[in-house]
Protein chains: 2
Amino acid sequence: MGEKSKPLKVALVGAGTVGSEVARLLLTQREEFARRAGREIELAGVAVRNVSKERPGIPSELLTDDTMGLVSRKDIDIVVELMGGVDETKGLIMKAIETGKSVVTGNKALLSAFGEEIFSASNKAGVDVYFEAAVAGAIPIIRPLRDSLVGDKITKVAGIVNGTTNYILDKMTTEGMEYETALKQAQELGYAEQDPTADVGGADAAAKAAILASLAFRTPVNISDVYCEGITKITQTEISAAHAANCVVKLLAMAELIDGEVHVRVHPVMLPKSHPLASIAGAYNAIMVEAEAADKLMFMGPGAGGAPTASAVVGDLVTVARNRVAGISLPVLAGFKKLPIAKMGSTRCHYQLTLDLTDEAGVLASVATTLAKHNVSVYSLEQVAVDESGDHASVGLMTHEALEDDVLACMKELRDSDYVSNNISFIRVGS
Amino acid sequence: MGEKSKPLKVALVGAGTVGSEVARLLLTQREEFARRAGREIELAGVAVRNVSKERPGIPSELLTDDTMGLVSRKDIDIVVELMGGVDETKGLIMKAIETGKSVVTGNKALLSAFGEEIFSASNKAGVDVYFEAAVAGAIPIIRPLRDSLVGDKITKVAGIVNGTTNYILDKMTTEGMEYETALKQAQELGYAEQDPTADVGGADAAAKAAILASLAFRTPVNISDVYCEGITKITQTEISAAHAANCVVKLLAMAELIDGEVHVRVHPVMLPKSHPLASIAGAYNAIMVEAEAADKLMFMGPGAGGAPTASAVVGDLVTVARNRVAGISLPVLAGFKKLPIAKMGSTRCHYQLTLDLTDEAGVLASVATTLAKHNVSVYSLEQVAVDESGDHASVGLMTHEALEDDVLACMKELRDSDYVSNNISFIRVGS
């Protein structure tokens, strides 16, 4: 057999839930993958922290704890990185690229922080970097953005890309649970980590938003460009206000191209119940894409889990293998140009404010005056509760479309006033 | 400039709604496409029937009525076929392939009849055939099946892939319209053709089912392999029976791989209202994909229309251009093997029967005996109406999962009996 028909050798870095599922598929379905890739794909080594731990289905002779050694091996063609982490992992990925390996990864944190550098290096080295698993598990979203919609002009991407927070908000909405209770339940069921910060604080969704924005608008977007607000401050106040307005609260990752500027943000949003994203329940993910010609598309599926994520990884792996057999690579950065990132203050949307007002004549007029001064006009207003003493009333107020900076200025002025208690909150309203 | 940097030349065949939109995009966004494809893409000619008709935005010197001449031109790199038709068009496409052109088409009728032959020829010639626009307009479904899920094992595809019939069924359901009235309205609004046969008879959906089944299970599937039943026999009887069972009636294209056999069919289905496909309204399309690892995915978007379909065509065109710049092509048939096609009679599902019975003692027992004889057992039974004379009662009967052949045998025996009038109908129930 000639050089051409040698199997492609794969180094797997990380053998957690997803990694071991990928290893299992590679070892048990060799024939099927060979048929699809046009060449045999051989699992040549698996880098793990602890080589003495037994891993069912993975022959122990494949295991090594010398990760850099495995990645640098001359006979390796493709590195599949499922180890996670950023700094150490970046070194590994750059080494793989520099030594001519193609890379498949699901590492959103890494790509949202160092994507531009990694993609430039891969472009220079003529190797592939594929990362379908980095956003929304098995849902094919990266590839439609990279390939299918390449002839269209995408104007907006909005999605539920974090199953943990979607599960928590769901429980708060459907069962009236408080945030802490819902989080605890999510942890008990394994939907949330023991340290849930990256999920509930929004960083996980922000990394995905950066990747989506970058591919949608073909411009480098770093996680530091993403405005990020998690769900930790959401209480039954916002959930009830949403319910009263026939809405639900969802944590959305959003990217919009407005007047040539990239708006990219993650925060809770009040969504009308009729919105297609409003009905995405539990740990499911869904992403809407709006494009000039294609109009509105929606992609839905399981956002996490070992098997779905492994499906995305293996799909990438087979494609990368095919590309390698064909002797090509598809640069991520093709057609990229640098676009400006808009400031969060320039966001325009409706806002739902909840204000705790002293129940006196003229108070509402003062509130209206403050809003008007900052160009914020009232769309609707409703008294939602009166406290026991009768001194205070809680008022729900929906604005017309307004500028974030103006709304923040209002909030500050209202907080500093005598007639509004500190008990004041706002949530953005989506459409 | 060397050979390498010459623009890629595109021949467009057909300048109807989609074709003229594709021409407009190619002529107005040259720079953008060049950036994305890595080479300029030049519209070199447009084949039309009537060259003297004015076509806004398309320079008249590009027009020709010598279609075969244009397709055969040595300087053409890519042929975009949007003319429709089968026999004449097949000749053109084969000519294009044989003379080394890559092909982009949205011609579902052609591909579902001669896909295997066309793909074999393109494979042999080393050129691409891309056809995202053939199924569900701008929704990226072909590419996820061809590429993203290549490492997974797809077990089922089910979708609403015909907007015309979905619109008609929607009107029948939400406004109680009879079929003829809803069809007439769809025609007036331009959602249905003056000759609606291909849509309402199911052939359009059957062509798409064949293409989806073929890609999902990597096996040749011809439109003649597809069991096809349209919506022309659906009346308010089925719509009401569905409503009573908390279901709606949808025309589904379905492909399943069961015990190594391909089941592929198009027919009306009673779907529970909670099913994700049940809420797809109007002219929208949606496709669910079930795979072993990826679990359930759903893709949704506009299923037709000039701009959305043009987006799919141009997305393909840019990819094909990229492949050409890279000197490669991705064979559609990669990893295909011939699987057996199951007979419709071997389908297993629940069935909803509506029977018009004489209202006498023992009739129900006779019905039950007939069903039992053919291994069909009753899941639920409800009297839905009694005629004015009181002689007949209309009964709705849902079976447990049963074999199609058994149910058909029951239907025949019941029709031949004395106590059931000819007024007897059945509809399959989905899940």
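Any Cβ shown, glycine's included, is placed from N, Cα and C.
What you see is a predicted model, and the numbers here were worked out from it, not measured in a lab.
Feature list (source: TrEMBL):
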BINDING   B:Val13, B:Gly14, B:Ala15, B:Gly16, B:Thr17, B:Val18, B:Gly19, B:Ser20  NADP(+) binding site
BINDING   B:Glu193  L-homoserine binding site
ACT_SITE  B:Lys208  active site, proton donor
DOMAIN    B:352-428  domain 'ACT'
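Recorded features from TrEMBL, shown on the structure.
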residue: B:Val13; record: NADP(+) binding site; Cβ contacts under 8 Å, 6 or more apart: B:Gly19, B:Val46, B:Ala47, B:Thr67, B:Leu70, B:Val71, B:Val79, B:Val80, B:Glu81, B:Leu82, B:Met83, B:Leu92
residue: B:Gly14; record: NADP(+) binding site; Cβ contacts under 8 Å, 6 or more apart: B:Ala47, B:Val48, B:Glu81, B:Leu82, B:Met83, B:Gly84
residue: B:Ala15; record: NADP(+) binding site; Cβ contacts under 8 Å, 6 or more apart: B:Ala23, B:Val46, B:Val48, B:Arg55, B:Ile58, B:Leu63, B:Leu82
residue: B:Gly16; record: NADP(+) binding site; Cβ contacts under 8 Å, 6 or more apart: B:Leu82
residue: B:Thr17; record: NADP(+) binding site; Cβ contacts under 8 Å, 6 or more apart: B:Gly305, B:Gly306, B:Thr309
residue: B:Val18; record: NADP(+) binding site; Cβ contacts under 8 Å, 6 or more apart: B:Leu82, B:Gly106, B:Ala133, B:Gly306, B:Thr309, B:Ala310, B:Val313
residue: B:Ser20; record: NADP(+) binding site; Cβ contacts under 8 Å, 6 or more apart: B:Arg55, B:Gly57, B:Ile58, B:Gly306
residue: B:Glu193; record: L-homoserine binding site; Cβ contacts under 8 Å, 6 or more apart: B:Thr164, B:Gln187, B:Asp199
residue: B:Lys208; record: active site, proton donor; Cβ contacts under 8 Å, 6 or more apart: B:Lys108, B:Ser112, B:Ala134, B:Val135, B:Ala136, B:Gly159, B:Val161, B:Asn162, B:Ala253
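The average pLDDT computed for the domain 'ACT' (B:352-428) is 89. The residues of the domain 'ACT' (B:352-428), classed with DSSP into helix (H, G, I), strand (E, B) and coil, number 24 helix, 35 strand, 18 coil. Neighbour density for B:Gly19 (NADP(+) binding site): within 10 A of its CB lie 27 other CB atoms from the protein chains shown.
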